Amino acid sequence: MIKDRILTVDQMIACERRSEELGVPASELMAAAGEKLAGHILSETMADGQPDTPEVVILAGKGNNGGDGMVAANHLFRSGISVRVVLCCGNPATETAHGAFEKLNKSIEVMFYDGDTTHAWAKAISESTIVVDCIFGTGFSGEIGRELQPLFIHLNTYARRVIACDIPSGVDARSGQAGVLAVTADITVTMHAKKLGMLLSPAKYFCGKVIVDDIGIPAAANTGDPLMENEIYAKASMLSDEQLGKKFLTSRKPWAHKGTFGKLVCVCGSDRYVGAAGISATAALRMGVGLVEVCSTENVVRSLSANLYECIFSTMKSDDSGCMTSDNAEEILSRLEDAKALLVGCGLGHTPETEKLVAELVEKSPVPVILDADGINSLVPNIDVLLKKKSTVILTPHPGELAKLCGVSQEEVLSDRLRYAYGLSKKYGITIVSKSSETIVCCADRTEVITAGNTALSKGGSGDMLAGMIASLTAQTKRSSLINCILACMVMGRCAEVLSTKRSERGILTRDILAYMPFFLKHLESGEE
Ligand SMILES: NC(=O)C1=CN([C@@H]2O[C@H](COP(=O)(O)OP(=O)(O)OC[C@H]3O[C@@H](n4cnc5c(N)ncnc54)[C@H](O)[C@@H]3O)[C@@H](O)[C@H]2O)[C@@H](O)CC1
Ligand SMILES: [K+]
């Protein structure tokens, strides 16, 4: 069993195959999965509030998830529990599931789902004290077909307590997508390791309490698979505030001066997007960088310098679009001589000139470059310039920007966000911060899923804030991009969560989070929970 690592669906399939090669066949894994599932169902029958004579119904699909259910049915039967099985999609379709069906104790009542809610299957669901969802597991994708909709509606309406096997049915274990009809489980018993989709929205809200259990996959099956997918080591960042402070915050020497904490150059803003440049620069300062120089259009500089007293401003040339032109590149590169990082893109605007400017900066920057928003959009036509980069590059795309970077539709990216983010990171040797309600950070074969945050961040300005924070940390320390990105995402997410304990997520503004940040960092420095 893997406790701290997340597996993708492809990795889980690879594990199963390797397990077979190592002498533990699929039938044995299913036997273990069914037995473990039965054990958790039994514990649940003994939980407070459960009746003395529990009745369990197992809803079995035609794949191996259904097979797990049939093995569990036998164990429950042997333990004296009243158990019935509903075959929801006809007879088992895989060899292993078929084998499990053959071995199903003949005394167990088996019924078929037929879409008619006046029939026995529907009564079994509404009468049982525990409904076990083994309809679909990791093999599910797409939508729940019309013929099965009455089953899912009935289950979600009438089931008293639902235990899902491996993953709630209707939830896509790869993407975290889930339609409204997906099974809402009270408990999900998942095999061997958490699957990526269970951590992502909306799927995570369907899983209830997640229990990971061992099914005897040999340890050696977890590594060394030739599948590209298996190179990804994904982990969830569920650090407590104490761990975050102790592990990730660097100490500040009392004799430090502004140069100790680095200079950050921000090539941000355009006449239309003034605020984005201000937010990213403020976020960088709030996160502790020594000095911020904002290079932007005359209008942006005039507007921001009236309030942002802590920054240095450099006026760049712009054209009729109100965006900076590419002939600023040399001037910006000269400003990098004493800088430690370069942030490009927040409010930059996207024109043929910004495309040339971004390409030249990415190619020639001697310091790490953080590209966000229109910095990313402007990079897309010349993306291969990343192969000529001289320094570290971090990209912070939302799903639409990730889709453009990968040359596919947004829908396609959302069907397997980790794979696209990872592929891009690997191809260009860069760090990808794939933003969404859960952020996936991919960097050199390691992937971290950050779940901190809430809808207070679902507003214009959050992306600029995050980019500024990452850039700030990059300018301050030489440590890995992965750690800087995790820290920035966690701090932003936790600030939003803490602020939301006292006020509605609806009305919290980026500036509120920025103002609260030093208080939250103080809390992290104190090393308290
Ligand atoms: N991978 C492993 O190591 C193990 C897997 N096991 C179980 O096997 C499960 C995976 O089994 P399978 O790959 O057979 O897949 P599932 O049992 O999830 O079933 C997939 C079936 O549903 C169909 N299907 C997919 N999407 C559909 C849709 N939108 N509408 C209607 N039908 C749809 C597929 O055609 C296939 O027949 C796991 O979740 C787990 O429960 C366990 O038996 C133990 C070991
Ligand atoms: K299931």
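Just so it is clear, glycine is given a Cβ too, placed from its N, Cα and C backbone atoms.
Because the structure is a prediction, the values reported are computed rather than measured.
Feature annotation from TrEMBL assigns domain 'YjeF N-terminal' to 12-223.
All protein chains included, Asn65 (K(+) binding site) registers 28 other Cβ atoms within 10 Å of its own Cβ. Annotated (6S)-NADPHX binding site per TrEMBL: 64-68, 137-143, Asp166, Ala276, Gly347, His398, Asp464, in sequence order.
Around Ser169 (K(+) binding site), taking its Cβ as the centre, 29 other Cβ atoms fall within 10 Å, counting all chains. What TrEMBL lists as K(+) binding site is Asn65, Asp133, Ser169.
TrEMBL lists 241-524 with the feature domain 'YjeF C-terminal'.
Annotated AMP binding site per TrEMBL: Lys435, Ser436, Ser437, Glu438, Thr439, Gly463, in sequence order. For Gly463 (AMP binding site), the same-chain residues that are 6 or more apart in sequence and have a Cβ closer than 8 Å to its Cβ are Cys346, Asp372, Ala373, Thr396, His398, Lys435.
Ranked by Cβ neighbours within 10 A across all protein chains shown, the binding-site residues Asp166, Glu438 are led by Asp166.
Under 6 Å, Cβ to nearest atom of ligand 1: this is the test, and of the binding-site residues Asn65, Thr138, Asp166, Ser436, Ser437 it is passed by Asn65, Thr138, Asp166. In the three-state DSSP scheme, Ser437 (AMP binding site) is classed as coil. Among the residues the record lists as binding AMP, namely Lys435, Ser436, Ser437, Glu438, Thr439, Gly463, the two farthest apart have Cα atoms separated by 13 Å.
Candidate binding-site residues: Asn65, Asp133, Ser169, Ser437, Gly463. Those with a Cβ under 6 Å from ligand 2, in sequence order, are Asn65, Asp133, Ser169. For the binding-site residues Thr138, Ser141, Ser436, Ser437, the greatest number of Cβ atoms within 10 Å around a candidate Cβ is found at Thr138.
The distance from the Cα of Asp166 ((6S)-NADPHX binding site) to the Cα of Asn65 (K(+) binding site) comes to 8 Å. In this model, the domain 'YjeF C-terminal' (241-524) carries an average pLDDT of 96.
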